[in-house]
Amino acid sequence: MSDTPASTSSVEVPPLTERLRLLLVDDDEVDRLLVQRLLGTTGLAVDVVEATSGSEALEQLKARSFDVILLDFFLPGEDGFWVLRELGSRGSRSPIVVLTGQGSEQTAVELMKAGASDYIAKSRLSAERLEQSLRQAMRLHLAEQRHRALAEALPQIVWTAGPDGRPDYFNQRWYDYTGLPARPASEERGSAPPLLPRDVLHADDVVGCLDRWSESRQAGGPFECEGRIRRRSDGAWRWHLIQALPLRNAHGRILQWLGTCTDIDDQKRAAETLSFLAEASTMLTASLEMSVTLERLSALILPRLGDWCAVYLQDDDGPVRQAMAAHVDASRVPLLREQHRAFNPSATASHGVARVLRTGMPELVPELTEAVLHEALGPAGDDARIRPGSWIIVPLWAQRRVFGALMVCALPSGRRYGARDMELVQELARRAEIAIDNARLFEMAKAEHLGAEQANRAKDEFLAAVSHELRTPLMAMVGWTRMLRSGQLGPDKAARALEAVERNTQVQTQLIEDLLDVSRIITGKMRLEIRPVVPGMFIEAALDSVRHAAEAKGVTLCAELPPGSGSIHGDADRLQQVVWNLLSNAIKFTPRGGQVTVRLRWVEGHVVIEVQDTGQGIPRAYLGQIFERFWQVDGSSTRKHGGLGLGLAIVRHLTELHGGTIEATSQGEGHGALFRLTLPLATAASSRGSAPLVQVQARQEVPSLDSGVLKGLQVLVVDDEPDALELLAVVLESRGAQVFTASSARQALEKHQFHRPHVIISDIGMPGEDGYSFIRRLRALPLEQGSQTPAIALTAFARMEDRTRALLAGFQMHVPKPIEPAELIIVLASLTGRHPQVDSQFQAARQAP
């Protein structure tokens, strides 16, 4: 630098109006006098204190402060570099101008790096040069003071370093934040210039930051790195962005480094959290398998968020189950599951999973106490071998309902959770609850799909069973019928053939009735005629109905029906059907020589009916399934007993419609079975003033009538089935009626106009135009054209709504198929008034419930 100015800045140097305190350090008295004389000729007011050595200068600086220092470079036993280092180490901020009689450009550069403000060769020393250098040094000093004041006012940590990179200044924010000095005494002189004290910068970040700092110093370029600095107030390591820029003079030489440390912990953690949550969303939604989803959730939580975690799920009001448990030490997981089974917290607990599930509110407990653990985990929590020290429990929501909870725990020796931790766990839970709910829905869909497949298989099996059960009696009916038509059977065999046909017809009729009953039950269209009924009556009627079957098989029927007061409200026919089903089943599964017993008891406002047999019994594993539709203990093709498996299902539904219960017990195969039917007794208040008690009778054979009871009666029969049409014609003609037949509604109207019959019997389901349309068209005719001809609807549509529809359409009577020939004749005679005795008997029987 020789004697050239250190800076060519155009900034005007402010006038120095106050007297300067100047320390002159030089061992040569002549040089001191020269400097004193030159100072006197300048425009500066100066108070000079002299020192002849560096040590003496240091002692002067201890006693007072100086505005500027004039330092001779060559001192006895000491050089300017030593003095500059000592002044810097002692925190001196006074600007220093170095005077020397020797030296080179390289020496000047080294002096500037060491902290000198300017350098003047004694050979070119003048009052003007001296004044200019002092004014420049003061200007820089004032600028530095302003910069320091600004640095102290900033909320950031601000620091500076000399040209060698050794930090020489930290603002007050540094001391407040770290609680440590900028230059620890432990730093040895001559060691590599430290960026920040090692006990303040996180050990994992020291090497990386110092390597970058070294690169920046060597290259003379900007410096930037991220590192964690410990905060004194709570010991937390917080991320900072550490930056520095070199300040250069007019010749491009670095005079100083200006640096900052900016707290970016919140931003960095927010970015890390967003990245973590994005990863969580990807991982959790990648699978719809519940086990995979929960396993990935635990991998996200441990060890980043805690030492162990668990997921608890609750279906509706069922028990809480631990769907997932994970621990940083996998060997501890079985113990976690064992502890969960032992925990028994109160449903109204004020802490823990029970509270979160009940209230839907998250729970954060930074420091768990014995009292909180006891409240949250129940008495078993007092002896828990894995004890949490801090926990976060957050609810899992789906469709505005809490279906579970996520618990994250830290061990007593580990971290303590705060609000920020809970926010992160809640965000993770929001993603987890979507994934878990999707997995639950997927499992439900799989179960429904499996159920649909099982239903399809059950449907196929059911259709196969229906086909079998219908074809079996059909084979006998068709076979015997063809033998009868061949004329090859004698009188005895022909009678047996007719009995077989009739018996198998009744079997088919019962199968169809069962199917219709199940259909009514499934569609909710089963109708009951509720009246007061005496239990003993419908039990006796059911016994009478099965007595012949029991005798034919050699099974003894026993009845224990003690007299008792009280009735029940119910449908007498349906209750008889229930007992008949139970008795028929008992007889079917009881071998010859066995016994079936029916008992009647009154127990605490209820009627109890028991049907017990000594038959083959029911395996205990199947007791819960025997009342299901289409279910049989033995559904194989090699089963001994036929049927569709509908009887007990009908029994259960009819019992429930009467407000009762049905249960089955058995000691196993070979030990018989007991069916217990419980029905509520009618209260005295509800029985008072109600309809009279129903007298129930077993089904009797329909009485035959005189062969000429229909003589002279003209009947129009309408049916699209030729066989049914011919059968009806033969039956009616056998009792003296004159029959006209029609196979369609159009043909029926034509024949009605031609023959004007006394009565019409019409099918309902016919192609083109059904029976409803036919009767409406008939009723729309003029009176003189026979619009009021009595009509009977004889149809396979046998529901209550079918009967109502037929009557509303214009029919006088609705008779479901199949019907006994004798019953049809009675219906016809009753409608036309040809047999008043039978008419009254028949009407009474049909009106009974």
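Glycine too: its Cβ is placed from the backbone N, Cα and C atoms.
Predicted automatically and left uncurated, TrEMBL annotations should be read as such.
Features of the protein shown, as given by TrEMBL:
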type    : residues : note
DOMAIN  : 21-137   : domain 'Response regulatory'
MOD_RES : Asp72    : 4-aspartylphosphate
DOMAIN  : 223-276  : domain 'PAC'
DOMAIN  : 465-683  : domain 'Histidine kinase'
DOMAIN  : 714-832  : domain 'Response regulatory'
MOD_RES : Asp763   : 4-aspartylphosphate
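Mean pLDDT across the domain 'Histidine kinase' (465-683) comes to 80 in this model. Taking the C-alpha positions, the distance from Asp72 (4-aspartylphosphate) to Asp763 (4-aspartylphosphate) comes to 136 Å. Taking DSSP states H, G and I as helix and E and B as strand, the domain 'Response regulatory' (714-832) has 57 helix, 23 strand, 39 coil. Break the domain 'Response regulatory' (21-137) down by DSSP state and the numbers are 56 helix, 29 strand, 32 coil.
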